[in-house]
């Protein structure tokens, strides 16, 4: 089985020209990290975790150190990870003061009998596991302070659009043993209510992985994704004989028509077919397979290069 990793950097509005190159570099870095793990014989779970950690560590993306701020000006992060081999999974929500929520989600998967920990319980577990705590203000960037100020101003003027300031990072992978996995991480929505939890940590919505079908990681308007169970819906269509591209189009189309939700997703099937699809304006993504790196941000704009 030829290994593959696909990553995304969130589906939302247009990305400014001054950010595109930095976003490009971040996506390539994450895909290269994930693929490097697979090429050395690592598992799909290792690969998706490694790729997402790279994105959480990049302030260009809405996860980890680039997370957007809630209405109190604080960072609250959500993340989940799933192993398609045995459907084991781990998730955390509303976590603060840690650099990499996806690592904590994996600890939930491997070190507890549970699938999901939140808020204070997740924080207590992180401390028990020796996860380093960092000051919350270290996760707050000037860019996200300005985004929060702008959102509050526009909300006061009743000009806000709940689907414009979105962002998530995610990865799916297929390893040489035929195992699939997904990982998804986010800071949520700008100016969200304290305690708001979106789709990213929710199995079946923010992602899903099953060796019998494939793996999906989603992005977009979290409430809409939750309502249609976007990740599992996409895998359902694959179960019914649809190609990965057809399945992605069907599920995203249903979310748009049924609840007017915009978003995107990445998919890898158990046979190694993959796709990146979105209905939002843009979605940075990258895929690494067979020594080639595929990358795009806007529709009909894909580049293919050799991997180092």
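Note that Cβ sites are derived from N, Cα and C of the backbone, with glycine treated the same way.
What Swiss-Prot says about this one:
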type	residues	note
MOD_RES	1	N-acetylmethionine
ACT_SITE	168	active site, nucleophile
BINDING	196, 197, 198, 199, 219, 220, 221, 222	substrate binding site
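Binding residues for substrate (196, 197, 198, 199, 219, 220, 221, 222) extend across at most 16 Å, taking the greatest CA-CA distance. Distance from the CA of residue 1 (N-acetylmethionine) to the CA of residue 221 (substrate binding site) is 34 Å. Shown are the binding-site residues 196, 221; of these, the residue with the fewest other Cβ atoms within 10 Å is 196. Distance between Cα atoms for residue 219 (substrate binding site) and the residue listed as 'N-acetylmethionine': 28 Å, as a whole number. Cβ-based crowding with a 10 Å cutoff singles out 197 as the top-ranked of the recorded positions 1, 197. The residue listed as 'active site, nucleophile' has a Cβ environment of 34 other Cβ atoms inside 10 Å.
Secondary structure from DSSP puts residue 220 (substrate binding site) in a beta strand. For residue 199 (substrate binding site), applying a Cβ distance below 8 Å and a minimum sequence separation of six or more within one chain yields 205, 206, 218, 222, 223, 225, 226, 230. Across the structure, residue 197 (substrate binding site) and residue 1 (N-acetylmethionine) are spaced 37 Å apart at their Cα atoms. Cα-Cα distance from residue 1 (N-acetylmethionine) to residue 220 (substrate binding site): 31 Å (rounded to the nearest whole number). When the binding-site residues 196, 198, 220 are compared by Cα distance to the residue listed as 'active site, nucleophile', the shortest distance belongs to 220. Candidate binding-site residues: 198, 220. Fewest other C-beta atoms within 10 angstroms, 198.
Each of the binding-site residues 219, 222 was scored by the number of other CB atoms within 10 Å of its CB, and the largest score is that of 219.
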